[in-house]
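*Asks:* Below you will find the structure I want to go over with you.
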Amino acid sequence: MIQNSAGYRSLNTASPMTVQVKNQKKICARCNKLVIPDSQRTKTTLKALGKYYHESCFTCQDCQKPLKPKYFPYQVDKTSESILLCQYDYFRRHNLLCHVCDTPLRGLYYTAFGYRYDEEHFSCTICATPCGVKKCFMYGNQLYCKYHFLKYFSKRCKGCEFPISDQYIEFPKGEEIHCWHPECYGIHKYWHVNLAAETVGLQYLPKLEYNPNSGDKDINPTAYELDKQMQAFNFILSKTWSVLYRFEEEAASCISDMFQYLTSNDQLKGIESTGLLVLKIDCLFRGLDTLNLSTNKSMPVNSDQECIENNAMAASKYSKFPKNLSTKIMIYLQLLRKLGTENKNETITISSFMSVITGLAHFLKLLTRFGLYTALENNKLTHSVNPLLRFLREVEKNELFENNPFQYIKTPVNATDSCAGCNKYIQEECIQFYEHRWHIACFTCSSCHKNINPRSLTDPTFNKEKKKILCSHCSIDDPASVPGFKFVTKLAQLIFLLKIALVKSRTVMLKSKASNKVGRNSLQSTMLKEQTYIRTLNDIKRLRSRRESVRVTHNKQQARKSVILETAETDLNDPTKQGDSKNLVIQTDDPSSSQQVSTRENVFSNTKTLTLDDISRIVAAEQARELRPNAFAHFKKLKETDDETSNVVPKKSGVYYSELSTMELSMIRAISLSLLAGKQLISKTDPNYTSLVSMVFSNEKQVTGSFWNRMKIMMSMEPKKPITKTVFGAPLDVLCEKWGVDSDLGVGPVKIRIPIIIDELISSLRQMDMSVEGIFRKNGNIRRLRELTANIDSNPTEAPDFSKENAIQLSALLKKFIRELPQPILSTDLYELWIKAAKIDLEDEKQRVILLIYSLLPTYNRNLLEALLSFLHWTSSFSYIENEMGSKMDIHNLSTVITPNILYLRHKEISNDNVPDEPESGLVDSFAQNKGENYFLAIEIVDYLITHNEEMAMVPKFLMNLLKDVQLQKLDNYESINHFISTVMQSKTIDYSECDIKTPVTVKDSTTTVIQGEINK
């Protein structure tokens, strides 16, 4: 017995280690009551984490279950407090419960899709097959093996209709969301071709509905058959995309270099780039030749006659493109040679060879598409994938040529392009014997004069000394004659002619360079042009990468494998270990592919590569720079020590309308309207003034989604608008919201919302021959136009297959769509302002006013106009090719036929001529109502907009500066903004220098002289 200072005695029942705390009172940490030892020891005192507990109080903090004999200490987050938990709640708080059986994970477990599984339940819900670490799929919060996931639950690709096993792109289109394999989306986007099962020699895999009571025996297909077919398809898909996209990048790089060196007057580098392009085109032509062979020889007797006829029609339609492409290269070489002989006081303008560079990219694009399309059609006819693989194998060889093209071009300088028989030019298929070539018609026996079959060339011989062709019968009498004839296809002959032109041009340029010395000023001018071009190139790459970037989603996920090595479990029956501090220890395998997944979250966002579609944008940007040198003065005059980064003097804002928020766009409209009012171009007494003011902030309704705004609309007593069920004739805002798509057809870095029909039409037309005469002028087949219209109206979210139509038909359909819009794209409310702008004499002031009016356009109108103007500018580059070829539709002619569809007034809207009894439909006869004057002024406006489409898409710098000032003043309504702008205009502090014209630049083409927006006939 031990007596304490208070005179109380207690029984020493503690261990020797606890004798020192005998005199302390024991308070229960749970109920805060005194712990009194029971003399009969029916109740024990428990100690954990340095605290005492009644036995009845020693329970789990979460579920109140008794913890004796084992407990788990758990430290509360962001505190130093530790609580006692049972095993289940301890693992629950650590998120270590199996997602399937809801039991604590002990030992090995797996993490996938944000859930954890024990080893037993990390398996397929249907067949219980263990899910591999790299092969786990989830649907409806349940795991499945690859076989059952692909068979029953996987999304289907919009392009190929195969199940999506891993990566896919979600692409909103109208009210639907389409899923694509990234490669299928790329192939469709760049060449408008889909890889269906029948086009790659595989069977279609239908999506089955899972029924647990069906007793499915895992057949049709079996797991092995499905896996084998998916592997085959993925190989074909990956091969097709990688080879053709790589070819497009390489070809685009060559054409870009050709453009750069032509503008910077560098002949030798230009000829090197051209030689490299010809070698790559040679690979494409060889691939096309394999398709012709497979078409002629490999088709089975029972082939689908319709498919054969379609192939023949496609071959006929595309037959002229190789010659057009080679002609463009010949013209380029002619321009390049001209640089050495051109008068030093004269320069070759970009507009003079715009069609050459744009045409090169376009015809090469068309031939690539034709090759892919034909290969897939041949696959369908032969029920195999061999035609496609042969085509890709030849095209892939272009990657062997990286530089120094003339080490691969062995054509001698004295090579001839004439027939050895008639001495006439050979541009078609022919017969070759070493350096000699003959037309097919000239390939006759020199002895018996019989025609020799060009397809059987093993028997005929050639006498080199006498230069005689001998047939198989006559060659017996001439032992000196030897065989060796080869059949040369039309495509191979075109390449041969290009190589002759390359070698001869290079020889002339080398001699010219040896005799001419380049001056210091010429070198500086070349450096300046190269730096300017590189800046344009980088801008185009950056804009395209941002505009086309698409986020990738994953079906499959690599599971993370983990093992629990230690927990904080404590046993009350083992007092020797109660003082040990134990923590939760988990060992986790780091998945090797986690970095790879993160780097592929966005596709089509590479800023280091070019595509053929970028070429036309580069040409347009450089032409705009040539037309407006002051507005695009990015560099000061070069000094010897200057570098690129120190010379940038931006005259443009660099901000595109598509990048602005809705509120910023509304403020821009308010600023522009105030500036126009300040210039007295519009006043409060004008009939359109009220509608223009209301239009300034009108677009806020489109994006404002607060509860009270929605309630205000719902409670409105105004009658609801009729539900639009058709595309043609529907309001533009309704089309964009209901059947719109975020398109990359704009100029800026951000996708723009336009109707699906416009996106499909323009994308399809970019894959067609735009040099056909009368594009946008002819009306096409009226009956077919009505059929297409009815088809589109009946299914607005899915455009028909436009690849079966011709360019004339689609251009007429596009014109019909924009003509039938209830309001013209350039807005009825702005019509008078456009006409007033055209009447302004001073070019500087006219440009400023046009920029202001353009900024007033409603968002969807401007989006559609941006895509349309860019496309029309590109279309104009095919107006003239050579020898009276081409569409004849230059910018002026395009403006003439497009203007009545986008800038006009209807009967009801013409002042002093309201006739209530007449129908509102139909356009005004401009000559009768407006004496013809406004008609030509409207054409001049549209001509200007097409010519300067790149500039129009960008917010003027003076407007951006005023926008910043308005935002600093926190002005948010038209009245306050108008007052502020009036004050600024009175102070005359607005910088309009980007619109100044110091030196007019004249750009001449076949029919039109454009002088800074002025058209001289």
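Each residue, glycine too, has its Cβ placed from N, Cα and C.
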*Asks:* Where does the phosphoserine label fall among S562, S743, S764, going by Swiss-Prot?
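*Replies:* So the answer, going by Swiss-Prot, is S562.
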*Asks:* Please work out which recorded stretch in 98-148, 419-474, 730-953 has the most C-beta pairs separated by under 8 angstroms from the domain 'LIM zinc-binding 3' (155-184)?
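*Replies:* Between the candidates 98-148, 419-474, 730-953, the best contact partner of the domain 'LIM zinc-binding 3' (155-184) is 730-953.
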*Asks:* What residues, ordered by sequence, lie under 8 A Cβ-to-Cβ from R777 (site 'Arginine finger') and sit at least six positions away in the same chain?
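*Replies:* Listed in sequence order, they are M889, N893, V897.
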*Asks:* Calculate the per-residue pLDDT averaged over the domain 'Rho-GAP' (730-953) and state the result as an integer.
*Replies:* 85
